[in-house]
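Peer 1: Take this structure first; my questions come after.
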Amino acid sequence: MVHSSVVAPSHKLSLVGRITAYFINSQVTVLLIAALVLFGVGAAVFTPQEENPQIVVPAAEVILPYPGVSAEVVENMVTNPIEAKLRELTGVEHLYSVSQNSGAKITVQYFVGEDWEDSLFKLQNHLYNHQDLLPPEASYLVKPVIIDDVPIVTLTLTGKGYTDNQLRRVGERLLNDLRSIPDTANLTMVGGKPRAIRVDLDPDKLASYRLSPAQISQQLQVENVQLPTGDVSVGETRLFLEGGNLFQSAADVGEIMVGFGTATDQGHPRPIYLKDVAAVVDDFGDLTTVSRIHYRPDWDIANPYPDPSSQAQGEFITQPAMTIGIAKKKGTNAVTVAQQIFDRVDDLQSQLPPGVQIAVTRNDGQTAARAVGDLYQSLLIAIATVVGLLVMFLGWREAAIVAFVIPLTLAGTLAVGWLAGQTINRITLFALILALGTLVDDAIAVTENIHRHFESVLPSDRRQKTAAAISAVNELGTPILLSTITVILAFLPMRFVTGMMGPYMGPIPFNVPVAMLISTTLAVTVTPFLALRLIQLQPHSKTLPSIQQTRIYRGYRWVMAPLLDSASRRRFVLLGVTGLLLATMILPLTQAVRFRMLPKADKDTFLVQVDAPLGTELATTNHLVEDLEAVLQQETDITHFETYVGTGSPLDFNGMLRGATDRQAEHFADIRVHLTNKDARSRQSEAIVFALRPQLEQMATRHNALVKLVEDPPGPPVRSTMLAEVYGPDYGQLRALAKQVRQVFAQTDAVVDIDDSVKNQMPQMRLVVDREKAQRARLATQEIAQTLRVAIAGAQVSTLKVADELSPVGIQVRFADANRQSMDDLHRIQLPTANDALVSLSELVQFQPTTVDQPIFHKDQRAVSYVMGEMGDRSSVYAVIDQLVYFWRHPLPQGYWIQWDGEWKLTLDVFRDLGLAMLVAVLLIYLILVGQFRSFKVPLIILGSIPLALIGILIGFSLNGVYFSATAMIGVIALAGIVVRNAIVLLEFVGDKLREGTDLKLAILEAGATRFRPILLTSVTTMLGTLSILSDPVWSGLAWTLLSGMLASSLLTLVVIPLMYYGECRNPDSLTNP
């Protein structure tokens, strides 16, 4: 065992020294290394991988139908009372509602982190207990909004000669097979119409036989029935009975008798069959959507993992299509689930009809694997860069120790994350890259100090080397522990960041402190264990060599001695640094340093949303979309895109928060565009979108339509990048003010894709029943309204249960398409009366032209109108500031006001939370330092290293023009821990020298010279490590923060901190005086 062979150092060992003494020759160290390697490999293999951390935002939609009632009545009788009750629920952050003709929808959004199942249960229970608040004709339905329902894979079926309806039938069978994959969840289909039995009524024939659409519907309902009717005894057994008759085909439906005509020759009434008054067709439902795919001929259509370096070329091929979306279960690995899906698809290829192909149009598994793989590569590059630098400065043996300990630390960190239920994602790996600088500092400091102590012992004397190694670690024990605590304290407050950014950034305050704890543990256990066996030096003397004999000391003394000897020179330097700090603080005010939430990421996809005027027919919308498709086909960086007319594209997380599920109408269209892999194109996706936007807008304007180009956000999504909420007492005035705000949006630089919640007036014809005339004809108002509804809107009155179908086939009753195109067709409708006469609809109703009620929006129980927009090549921060200035000069009428939401609010909240986190971190660090140094002044001197870093940060951002983003703020917090760590170790060395009786000036010079190389190496390795993420648009802010901040703080810390300390602590006694 170790204790019998170790020569204890001459002075008393601290806790750290005793830990090192135990592990330096113990077999437990080998077991520790093996355990970390084993668990680290297990974590890398088995931890679920995803592109970004999953953000759980519990939400639900409460749908409240109230047929035939105006939007204002719905608001007063349904929306207001239900909103008041929902606000009583705990954990609810926001209520969003829209009241319109015939119903309302209330979206309940809970605070991030609320338990989803508990929240949904309480919502259901609360609505059930208060359903008496609803009018008798109203009802409610709760529809959960589940993040896990977002597909990770979309498969688009296409084939020459097939329609999208035919492809849907193929897709239904494919979807049924895919359901059996264990880790898949919600499966959806977009595009095409299901099979249906269409009963196309002929109004003239109906009139000739004295029949109405409502009678036909009722007859179909009562004839398609089969029920179990009990059982009877037959001998000694029971015979089960079943009565009725079900439709088996369209022919069966057509043979149903719906009435009687004139008598036959035999005197019997002639039966009238459905086929006599309608065309019964086994086909598909009405054409309300169109979907197709466009792809270049050399795009590998079926490959889920296309070559990232390939560039698709050639003229686009256009074919009908339908898309299947497949989600994964919560907590499963996106990469493995996606692969399971593709394996099953490969097995099913032989069952597809000839000519049908399956295109992989979304593969979040590959996206996650690529994102994680790229960052693993960046991490390895950073480690290799660090090790290469250490080889140059310390030698290959010392560098080998660091090269071994750093991956071991990262393996341990991943293992802890695996056990804690974390996932491996982009933020996890960025956290490890961020922690690399502090991890290197631990390894470098201990290795370098052991190296220095080994210079005074014989390489062959194992006992002396062991004692020297223990002494070297013991010497750094307190500074290492203290600096580790300060770094942990710097990151822990980030756990309390609110909103969606909390879980998004959650891996950083989890992984960095864990990495620091493991790093410190390994620095005092594994590092000396390896150093004892690897570092071989020829002794220079029998005693520890004096730092004063080194060139570093002579150079440092040349700089510092004149400043320490002259009070005026010290004041000049300190005042100069203070002035420089104040000057740099002005840079944000002049916009030399500009702020932004997050830069746009370079993605391989974006979405084009098309909003034609309300009421536009499908054919007209489709014609508009075809013109937009022609523009997209001219872009060389586009490989393929899918078009969905009359419906939204398959849902993604961004669309879920933007209300994409509501895009189900003939005037809507989506185009999901896919780009060449970012490694194979010269432009970022933001530049491509920027170039396409004016072309698409020009084309959409010709059709009086609105087009929006929506890019996937780099962080948590918002409802709209620019979002103004207009509040006030009168809703009509709110709509008018929203139009004025929209004009201000249009005048604001770089605001694009502008829209508002005030829609164009859609004409409506109200058919008011004349009750007196209706009663004379023995017709009820309900019968007239139902006849109109069936004739024009149509109704699914029953279903066909067919054995070879996976779902029931609907029986849809409606006037034939040619008989419901104009107002004249309405006048032709005739209804039979009780005395077998016919009466024209126009005789029973009054035609009153009007408009559809405008929807009424609420947010948190207050009436609101929205104005939305996206940003071009500018931060939304400065666009909102421009608008704030405008409305300060041109205020709204009294009682009306504007609140800005969207990215502006997210930016303010995040910078506020991060700023508070840093403030709390600094306060906690200060308390720890006061306890350690027993002084109020010395901790303030140490914390002075933070403003020194800020000087370099602000100057760096002003010079390179990069936006100061949320990731840059995270870099500031990281730097606070690193630079404070350097100052602590520096002043601890000074304190040790003073306790040995060294003069204050000499103590400062020796401490600065001793820590010069570790501080320099830590700074350079941290900066070099961040070079691997410098090209990432999102995280370049963090990289620039570390680069510029470390450069400035490292140089200034070695000069300014000693000068401040020297000025305040002229004698050793002042170290303990407040």
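Residue 1 is the first one shown; counting continues down the chain.
Using N, Cα and C of the backbone, Cβ positions are placed for all residues, glycine too.
TrEMBL: automatically predicted annotations, no manual curation.
On a predicted model such as this, the values are computed, not experimentally measured, just so you know.
In case it helps, TrEMBL gives these features for our protein:
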type: TRANSMEM; residues: 21-46; note: transmembrane segment
type: TRANSMEM; residues: 375-394; note: transmembrane segment
type: TRANSMEM; residues: 401-421; note: transmembrane segment
type: TRANSMEM; residues: 467-492; note: transmembrane segment
type: TRANSMEM; residues: 512-532; note: transmembrane segment
type: TRANSMEM; residues: 572-590; note: transmembrane segment
type: TRANSMEM; residues: 914-931; note: transmembrane segment
type: TRANSMEM; residues: 938-957; note: transmembrane segment
type: TRANSMEM; residues: 963-991; note: transmembrane segment
type: TRANSMEM; residues: 1012-1031; note: transmembrane segment
type: TRANSMEM; residues: 1037-1062; note: transmembrane segment
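Quick one: where do these features end up spatially?
Peer 2: Remote same-chain residues near the transmembrane segment (401-421) are listed as 33, 36-37, 39-44, 46-47, 331, 379, 383, 386-387, 390, 394, 428, 432, 435-436, 439-440, 443-444, 447, 507, 510-511, 514-515, 518-519, 522-523, 526-527, 530-531, 534-535 (criterion: CB distance under 8 Å, separation of at least six residues from the stretch ends).
When Cβ-Cβ distances below 8 Å are used as the criterion, the transmembrane segment (572-590) is approached by residues 563, 947-948, 950-951, 954-955, 957-958, 964, 1052, 1055-1056, 1059-1060, 1063 of the same chain, each at least six residues removed from its ends.
Only residues 6 or more beyond the boundaries of the transmembrane segment (914-931), in the same chain, are considered here, and those with a CB under 8 A from a CB of the stretch are 482, 485-486, 489-494, 496-497, 938-940, 942-943, 946, 966, 969-970, 972-973, 976-977, 980, 984.
Non-local neighbours of the transmembrane segment (1012-1031) in the same chain are 377-379, 381-383, 385-386, 389-390, 393-394, 430, 433, 436-437, 440-441, 444-445, 448, 552, 556, 978, 982, 985-986, 1038-1040, 1042-1043, 1046-1047, 1049-1050, 1053-1054; each lies 6+ residues outside the stretch with a CB under 8 Å from one of its CB atoms.
For the transmembrane segment (1037-1062), same-chain residues at least 6 beyond its ends with a Cβ under 8 Å from one of its own Cβ atoms are 430, 434, 437, 556, 559-560, 563-564, 570, 573-574, 577, 599, 938, 941-942, 944-945, 948-953, 955-957, 960, 962-968, 970-972, 974-975, 978-979, 982-983, 986-987, 990, 1000-1001, 1004, 1007-1008, 1011-1012, 1015-1016, 1018-1019, 1022-1023, 1026-1027, 1029-1030.
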Peer 1: Please give the sequence-distant neighbours of the transmembrane segment (375-394): residues at least 6 beyond its ends with Cβ less than 8 Å from one of its Cβ atoms.
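Peer 2: Same-chain contacts beyond the flanks: 402-403, 406-407, 410, 426, 429-430, 432-433, 436, 440, 444, 447-448, 451, 1013, 1017, 1020-1021, 1024-1029.
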Peer 1: In terms of Cβ proximity under 8 Å, which residues at least six beyond the ends of the transmembrane segment (467-492) contact it?
Peer 2: 6-9, 11, 13-17, 20-21, 24, 438, 441-442, 445-446, 449-450, 452-454, 456-457, 508-509, 512-513, 516-517, 519-520, 523-524, 527-528, 531-532, 918, 921, 924-925, 928-929, 932, 973-974, 976-978, 980-981, 984-985, 988-989, 992
